[in-house]
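Enquirer: This is the structure I have questions about; it appears just below.
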Amino acid sequence: MQQQAQHFSPTNGDFTFVSSTEAEELSGSIESQDVKVNVGGDSKDASATKFLRQRGYGWLLEVEEDDPEDTKPLLEELDIDLKDIYYKIRCVLMPMPSLGFNRQVVRDNPDFWGPLAVVLFFSMISLYGQFRVVSWIITIWIFGSLTIFLLARVLGGEVSYGQVLGVIGYSLLPLIVIAPLLLVIGGFEVVATLIKLFGVFWAAYSAASLLVGDEFKTKKPLLIYPIFLLYIYFLSLYTGV
């Protein structure tokens with residue numbers, strides 16, 4: 001009695017029974033799929049990332065690339081050019097045209113940090129027993145430069161306040177140069193007075209030669225005289241007179 005293979009239909013949709021003859025004709029292969037398993041923190045990170053993106057906070061996960069312009073040196077960020085400041089200092093200390101310096105760069109290319117450093121240094125050497133003059137020197141520099149600027153504009157000069165502020169500040173250097181000499185020969189009143197006059201004339205000439213241009217024509221003394229008085233006042237703050 002031959003048993004006929006029967007084909008049973010699955011009842012639960014999970015298994016299929018086939019006859020032995022049909023099974024012989026069947027062939028095939030099972031392809032394995034790559035399975036990635038997230039363990040521990042990776043799954044948590046993925047879940048947190050998905051949660052933030054679904055809530056519209058995906059921008060919190062964005063990482064900005066470093067901009068080369070944001071990694072500039074500090075001096076460049078503050079617009080401080082030490083070579084330019086050093087050149088301007090030489091132009092002020094050596095105002096003679098025969099030396100070949102392009103002194104107009106002090107006026108045409110003004111900066112703030114160089115004059116401020118000169119004024120602060122002049123204030124520091126004036127601290128000998130009179131600390132109160134520091135703020136007063138800075139105040140005189142700012143408002144004295146403003147007075148020279150307004151007077152220059154009234155007389156027809158084409159200068160900006162920044163140019164006047166820079167030139168007046170840099171031109172304090174001659175007074176800084178004579179300061180050690182006054183400490184050494186302070187007991188010789190005649191010599192000390194001559195050195196003071198020389199320093200004031202030196203500073204006033206450096207400033208006036210840059211600020212008083214040909215556009216003033218016959219009005220040059222009207223601007224040179226206030227500049228001269230301004231440096232006399234600066235020197236008086238140093239000497240305490």
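Numbering starts at 1 and runs along the chain as displayed.
Using the three backbone atoms N, Cα and C, a Cβ is placed for every residue, glycine included.
Checked TrEMBL, it gives:
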- 101-236: domain 'Yip1' (DOMAIN)
- 112-129: transmembrane segment (TRANSMEM)
- 135-155: transmembrane segment (TRANSMEM)
- 167-188: transmembrane segment (TRANSMEM)
- 194-213: transmembrane segment (TRANSMEM)
- 222-240: transmembrane segment (TRANSMEM)
Enquirer: Below 8 angstroms Cβ to Cβ, which residues of this chain, lying six or more residues outside the transmembrane segment (112-129), approach it?
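Expert: Contacts of the transmembrane segment (112-129) (Cβ under 8 Å, skipping residues fewer than 6 from its ends): 78-80, 84-85, 88-89, 137-138, 141, 162, 165-170, 172-173, 175-176, 179, 234, 237-238, 240.
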Enquirer: Is the transmembrane segment (135-155) packed against any residues at least 6 beyond its ends, judged by a Cβ distance under 8 Å, and which are they?
Expert: 115, 119-120, 122-123, 126, 161, 164-165, 168-169, 172, 211, 216, 219, 222-223, 226-227, 230, 233-234, 237
Enquirer: Sort the residues of the domain 'Yip1' (101-236) into helix, strand and coil with DSSP and give the three counts.
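Expert: In the domain 'Yip1' (101-236), the DSSP-based counts are 108 helix, 0 strand, 28 coil.
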